Every structure is written in structure tokens, then in C-alpha cells.
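According to TrEMBL:
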type	residues	note
ACT_SITE	K187	active site, proton acceptor
MOD_RES	K187	N6-(pyridoxal phosphate)lysine
Amino acid sequence: MSALPFIDLKAQYAALKPSVDARIQRVLDHGQYIMGPEVKELEDKLAAFVGTRHCITVSSGTEALLIALMALDLKPGDEVITTPFTFAATAEVIVLLGGVPVFVDIEPDTCNIDASLIAAAITSKTRAIMPVSLYGQVGDMDEINAIAAAHGLAVIEDAAQSFGASYKGRRSCGLSTFGATSFFPSKPLGCYGDGGALFTDDDGLAQAAREIRVHGQSQRYTHTRVGVGGRMDTLQCAVVLAKLERFEWEIARRLAIGARYQALLEKLPVQRLALRPDRDCVWAQFTLHVQARSQVQQRLSAAGVPTAVHYPKPLHQQPAYAQWAQGQSFPHAERAAQSVMSLPMSADLSEAQQDQVILALTQALDGLEP
Ligand SMILES: *Cc1c(COP(=O)(O)O)cnc(C)c1O
């Protein structure tokens, strides 16, 4: 059996080659590499897809989070409540602006922030809540929005892993003050480099984000506020436009492949991620919990099945972020970091490939303590 790719971007390109190539060629022909027509075309299509008044494309998912906080005018010392079980970028942008990340533990079964613990973490300095829709499943946004409304806080969804996911019939990114996503190649909707987008219904915040993206300019060379160089390239927008052509199909495939993985795992001595009935998961990573993880990973690797760990250490235990946790422990995040493991996942994963993964996993688990 041949080794599987962890994420199959080559099969995706093969399927979309005519439109990707034509879209790229069109940019090369018109030559507007910065803020060319594809930027607005993509923003209009993505805003319609998500169902928000505004979409602002930016240079990465990290920049989307940063610009959202800047548009909200986060000040040094302001607190932002978030999860310790996420990629570093979530807390990084808070600290970069002089803000204070306040960590709240996760639900052990979904690995998303536990909304029932948020109210107790609010202080007079809290400005925003930043939940992460981890692995592609939105957290308890209605509950989080209600807490935020009661305390006058903004909510920024870190939707870097959940673009295309649905929550109570609405789309991820369109559920709160800001939704921020990433088009890093391996995300559910990826480009061929770095890219990202912000979504909001608030006209003033959208205007602020658009200005911050171009060095705070309200007009050319009028710097109304401090901004960043945060534009997304026209070429990368062209790639996403081409990928949008079969994105609905890809979402359906991701849901079906995820459901099939979940069913096939039922009889194995592993713990599956819990899925809430009123939302779906686009499985940016197909993640489960296993014991003796490193042994299982080694056995899978020997069988040609690549795995990954998202994430091996929660942020409150990372050297750069431990100071913000002030010695607190977050037991569910710590336990998840010990046991999570992600399996190969992409819209183009075939049933035969998936069966190969499950067979290898079954053999890898054989003889290990459950
Ligand atoms: C990927 C990711 C980011 C950062 O996105 P980039 O486009 O790589 O900057 C932020 N948060 C989470 C949860 C992510 O998975």
C-alpha cells in the first residue's frame, strides 16, 4: 500500500486545474497584483456565502484576528477571553496589542471553549470574547453572544478552521461581531500561500478594518489611524475564486467523510470528538482521542498513514504565554493535548483510502491498553 497524503492538495488542483490556471493567467494579463478586481469579486462572493454585509480579505488568518482587535480599538491592559487549546495565533494577536489573554477551559468532548465558564472570567477590563471553532465545529455561539451582550463585549469568532461550517442554519464567520478565517492552504478553503478574511455586519467596524488593512488610510496618504500592511494578493484571491467553484461539493464531501470516519471508529478503543446536533463540522482536521498516542502514531506512520497533533501543548503551558495564565491549570485542555490525534482528511479522500486508514489504526491499537 502506498503512503497517503495527510491533506491531498494535488488531487484538488488536478480537479480544478482549468479554472485555477485561467484565473491566474487573467491576473498575469491585467497585472493588477495588489487590490485588483479579483479582490472585490472574492469579497462579494464570500460575503454572500456567509450572509454578512461585509467581507474584508486580508493577508492571513492571523492578520484577520489582529485587524479585528485593532478595529475594536483594543487598548493595552484590555482583557480578551479565549481558549488555551488553540493555535498560538489566537492569543498572539491579543498580546501583540498589549492586551491580556484570559484563558477559560474547554469542554472535554468537543474541545471548544466551555461557555458556562466564561461569565466567571469577566472583569471590568474585559473587552472581547474570542472563541475558536476548533477542528471545524462552531462552539456555543448563542450562549457566548448572550454573555457578551449582557456585559457589552465584542465577540470575534476565530473561524480559521471552520469556514463553510453551519450553526443553527447560519454560517460560521457570520455569527458574531467579527468572524475571522484563514485561507492557509490546508484550511477547508485554502489559497496557494497566505490569505484570510474578516466578516462583519457592522458598517463602522468594516470601514475601520478596510482602513487598517492599508496602513490606516481613509484616502491615499491620509493616515487616519495606525494600520498594518494586511492586504491579500490578487493572485491568491484568484485561486480562492477558482476553488469556490466546487466548495459546496467539498463541504458535502467533508461532512460525509467525517461521518464515515465517526461510524468506522465506533467499535475501536478511541474517543471520538462529540458533535452537537444543531451544527456541523467541516473537519479542518479529522481529530480523535487515543491513549498511547506516540506509539499509535509510530505504528500508523510505519503503515504509510500520516498523522498530526493539533495541539500537543496548551497555550498556558507555552513559554511565551504561561505568564498570562498566572499559574492556573486548565485540566481539560491539558488532557486533550495528551490524547488528540488527527487523521488524513480532504474532500478528495476516497473510501478505499479511508478504509486503509481505519485498517492501519485498528492494527495499531491492537495490543495497546485502551
Ligand atoms: C490556522 C489558524 C490561524 C492562523 O491562520 P494563518 O492564516 O495561518 O495566519 C489562527 N487560528 C487558528 C485556530 C488556526 O487554525
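Here the Cβ of each residue, glycine as well, is placed from N, Cα and C on the backbone.
Just so you know, TrEMBL annotations are computer predictions that nobody has curated.
When Cβ atoms from all protein chains are considered, those within 10 Å of K187 (active site, proton acceptor) total 24, not counting its own. DSSP gives K187 (active site, proton acceptor) a coil state; it is part of no helix or strand.
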